[in-house]
Structure formats: C-alpha cells, structure tokens
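The block underneath contains the structure these notes are about, expressed in structure tokens.
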Amino acid sequence: MYPAHLLVLLAVCVSLLGAASIPPQPLNLVQFSYLIQCANHGSRATWHYTDYGCYCGSGGSGTPVDELDRCCQTHDNCYGEAEKKGCYPKMLAYDYYCGGDGPYCRNIKKECQRFVCDCDVEAAKCFARAPYNDANWNIDTKKRCQ
C-alpha cells in the first residue's frame, strides 16, 4: 500500500472516531422545534426559547417569571407525566401536521406517542400566545429562580 493511501485511510478513521463522539439529537426535540415554528408562523426562532426564564430549556426550578415561562413549566410537567407512564418524551417520534391555524397531532394510536405529541402541540400553541420579554432571555437563574 502506498504511503498516501495510508494517510487517507488514517484521516478517514480519525474522522469517524470524531463523528462517533457527537451525541445524537433527540428526534422529538427536533419535531418540537418544528411545532413551535408552525404555531408562531416563523415569527421567532426556536432557539429564543431554549434559555428563557426559569423553565425554558434544560431543567427548571423556582417560580416562572411570566406567562411564557409558565408554558415551559407546564411542558416540563407534561413530560414528567409521560415519563411516569413509561414513555421517553425526548426520544419519541410522532406524526403531526402544520395547518393554517397551527400544529396538530395526526391519527396517533400509540398511547405514549399521542401523549407526548399532545404535550408538544399544547406547549407550541402556548408559546405562540404568550408575550416574549427579551429581558427574560438568558437570565441569571441562580438569582431569579429560587
């Protein structure tokens, strides 16, 4: 084998090892992102909701700072109920569609998928209704979320 071929093979192996260390994106969270965009008709990027208030994003504690943060708290609680039913809400895929007046779950027969889809659709619609206060994005949760 030629030295150049060995270098190419080594580069491919190193690339594959690097790719293997990237954690997979939970499918449901990708779907939830699409539901949010459907509900708010693309008026606000999904990432605006990932670090908002005390409950939007990973985890949550304390008193919600406003209506939008209460939507996130309700969504967190809904996922908690799904987990009590033995469901894996961040990993479940489900069938939905985006209509003119927002997202809907589509003919879901399996209990876990239906429950999680309902959690996500209700949260997305709640996000669309609630005012967004820029001052509540990226707050110091250690101070404000006791």
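The backbone N, Cα and C atoms fix where each Cβ goes, and this holds for glycine too.
Among the candidates Cys87, Cys117, Cys119, the disulfide partner that Swiss-Prot records for Cys105 is Cys117. Per Swiss-Prot, Ca(2+) is bound by Tyr55, Gly57, Gly59; the candidate from Asp76, Asp95 named for the same site is Asp76. Cross-referencing Cys54, Cys56, Cys98 with Swiss-Prot gives Cys56 as the cysteine bonded to Cys72, criterion being a recorded disulfide. Between the disulfide-bonded residues Cys38, Cys56, Cys78, Cys98, Cys145, the minimum number of other C-beta atoms within 10 Å of a residue's C-beta occurs at Cys98. Burial estimate for the recorded positions (Asp76, Asp120): highest at Asp120, by number of other CB atoms within 10 Å. Comparing the Cα of His75 (active site) with the Cα of every entry in Cys38, Cys56, Cys87, Cys98, Cys119, these being the disulfide-bonded residues, the smallest distance points to Cys119.
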